[in-house]
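According to Swiss-Prot, the protein carries these features:
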type	residues	note
COMPBIAS	1-20	compositional bias 'Basic and acidic residues'
REGION	1-36	region 'Disordered'
COMPBIAS	21-33	compositional bias 'Acidic residues'
REGION	46-49	region 'EIF4G-binding'
REGION	56-92	region 'EIF4G-binding'
BINDING	64-69, 96, 114-115, 164-169, 209-213	mRNA binding site
DISULFID	119-157	disulfide bond
REGION	140-149	region 'EIF4G-binding'
């Protein structure tokens, strides 16, 4: 079950009006009066333990000839809870993304690529969802990340949502795949946070690079 912090944050989001949040994917403009009023109301922001960066891999920018990961671009880096919500409430959620899109949220200065030194010896847990059914679990995953809810939080690199024709996949990337104790703990906690009942598997990045889709799960929970 998602923890109380995640529930409270989700309820706050649900209770906000459409005017407060803006339409899906719309970047909401501000009048001078609105900006001034907000500046007076928000006197203190709540810093996160880590800064995080959203990355987007646009399907229209992908090419079979291009190197993997060459079309991934950083979108925004945030370091407070308020800045997270400001960005999250004004971007498309997974159900509204185009097929082929990949949206990432990684600790700042860690690129969502196998080649990144922090990710190089890591791996990933993956959850599968029917098309259009991952929005809430994606939000809960983000809240667990930025809220430092994992016991082995230092192992976390970030998360990615992959939108495909028949399904959506959320993957949680970690840095030290060989640390079975840490990886199993992360997998179990992630399932609890999202109230996810199906078995999930952990694949080493090294296996994925060598075997592609033939790579097998090293751990399962």
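In case you wondered, yes, glycine gets a Cβ from its N, Cα and C as well.
It should be emphasised that the depicted structure is a prediction, and the values quoted were computed from it without experimental measurement.
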Which same-chain residues, if any, lie at least 6 apart from residue 119 (disulfide bond) yet have Cβ under 8 Å of it = 110, 111, 112, 113, 157, 173, 175, 205
Which residues, sitting 6 or more apart from residue 167 (mRNA binding site) on the same chain, put a CB under 8 Å from its CB?
-> 128, 129, 130, 131
Proximal but sequence-remote residues of the same chain as residue 164 (mRNA binding site) (Cβ under 8 Å, at least 6 apart) = 99, 100, 131
In DSSP terms, helix, strand or coil for residue 157 (disulfide bond)?
-> strand
Find the average pLDDT over the region 'EIF4G-binding' (140-149) in the predicted model and report it.
-> 98
Can you count the other CB atoms that lie within 10 A of the CB of residue 96 (mRNA binding site)?
-> 13
